Amino acid sequence: MDIRLGNGFDVHAFGPGEHVTLCGVAIPHDHGLVGHSDADVAMHTVTDAIYGALACGDIGQHFPPSDPQWKGAPSEIFLRHAVDLARSGGFEISNIDCTLICELPKIGPHANAMRENMAALTGLDLTRVSVKATTSERLGFTGRGEGIACIATAALVKA
Ligand SMILES: Nc1ccn([C@@H]2O[C@H](COP(=O)(O)O)[C@@H](O)[C@H]2O)c(=O)n1
Ligand SMILES: C[C@@]1(CO)OP(=O)(O)OP(=O)(O)OC[C@H]1O
């Protein structure tokens with residue numbers, strides 16, 4: 001059995017807005033997130049973890065931020081691309097795990113909706129999709145409420 005692990009890390013800054021989109025779920029907040037796309041930092045991070053497991057670059061190489069085509073794009077486009085790449089290489093995604101780092105918004109009340117959306121987009125069973133959160137104890141840029149960071153792991157298997 002061929003097992004591959006990949007990691008992802010991404011950060012998006014807060015800007016004007018009334019919600020953030022995380023794992024495709026709109027979460028009410030007193031700021032939005034700034035990005036070339038819809039700035040879904042969690043979906044970008046999971047996408048990069050899958051690319052990492054495949055050793056095939058990163059999200060900016062596949063979807064350059066300089067390309068106007070991706071302005072305001074829904075990030076599920078990027079995730080679907082990474083999932084298709086994995087499957088076309090003969091891999092199944094075994095599980096994904098991501099941790100959001102922010103003081104606010106509180107992720108807990110939305111975590112199951114986020115998991116369900118990621119499970120639907122990837123075709124994974126819900127038990128294989130994990131969404132977690134932590135504060136940074138008010139330290140650093142996340143602690144000052146300047147943005148949201150996310151880290152993720154993806155495991156891919158080929159029988
Ligand atoms: N944005 C966040 C941050 C944290 N949580 C939940 O709170 C727990 C405690 O966070 P600490 O940073 O103090 O360890 C954490 O384990 C999460 O369950 C959250 O929902 N949203
Ligand atoms: C997703 C892309 C798409 O142009 O733009 P952003 O929304 O700025 O997100 P980032 O995490 O900086 O990744 C780069 C790009 O691929």
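Backbone N, Cα and C atoms are what each Cβ position is placed from, and that goes for glycine too.
These come from TrEMBL:
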type	residues	note
DOMAIN	3-156	domain '2-C-methyl-D-erythritol 2,4-cyclodiphosphate synthase'
BINDING	D10, V11, H12, H36, S37, D58, I59, G60, T134, T135, S136, E137, F141, R144	4-CDP-2-C-methyl-D-erythritol 2-phosphate binding site
BINDING	D10, H12, H44	divalent metal cation binding site
SITE	H36	site 'Transition state stabilizer'
SITE	T135	site 'Transition state stabilizer'
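Known features from TrEMBL, placed on the structure.
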residue: D10; record: 4-CDP-2-C-methyl-D-erythritol 2-phosphate binding site; DSSP (3 states): strand
residue: H36; record: site 'Transition state stabilizer'; DSSP (3 states): coil
residue: H44; record: divalent metal cation binding site; DSSP (3 states): helix
residue: I59; record: 4-CDP-2-C-methyl-D-erythritol 2-phosphate binding site; DSSP (3 states): helix
residue: T134; record: 4-CDP-2-C-methyl-D-erythritol 2-phosphate binding site; DSSP (3 states): strand
residue: F141; record: 4-CDP-2-C-methyl-D-erythritol 2-phosphate binding site; DSSP (3 states): helix
Extra residues within 8 Å (Cβ to Cβ centroid of D10, H12, H44), divalent metal cation: V11, G35, A39, D40, V41, A42, M43, T45, I148, C150
Close-lying recorded positions around ligand 2 among T134, T135, S136, F141, where CB distance stays under 6 Å: none
Subset of recorded positions (H36, H44, T135) lying within 10 A of D10 (4-CDP-2-C-methyl-D-erythritol 2-phosphate binding site), CA to CA, in sequence order: H44
Integer Å distance between the CA atoms belonging to H44 (divalent metal cation binding site) and S37 (4-CDP-2-C-methyl-D-erythritol 2-phosphate binding site): 10
Entries of H36, H44, T135 which, being recorded positions, have CA atoms within 10 angstroms of I59 (4-CDP-2-C-methyl-D-erythritol 2-phosphate binding site): H44
Listed recorded positions with Cβ under 6 Å from ligand 1, out of H12, I59, T134, T135: T134, T135
Number of Cβ atoms other than its own within 10 Å, given for H44 (divalent metal cation binding site): 27
Between H36 (site 'Transition state stabilizer') and T134 (4-CDP-2-C-methyl-D-erythritol 2-phosphate binding site): CA-CA distance (Å): 25
Cβ neighbour count within 10 Å of D10 (4-CDP-2-C-methyl-D-erythritol 2-phosphate binding site): 24
Distance, F141 (4-CDP-2-C-methyl-D-erythritol 2-phosphate binding site) to H44 (divalent metal cation binding site) (CA atoms, angstrom): 19
Between H12 (4-CDP-2-C-methyl-D-erythritol 2-phosphate binding site) and H36 (site 'Transition state stabilizer'): CA-CA distance (Å): 10
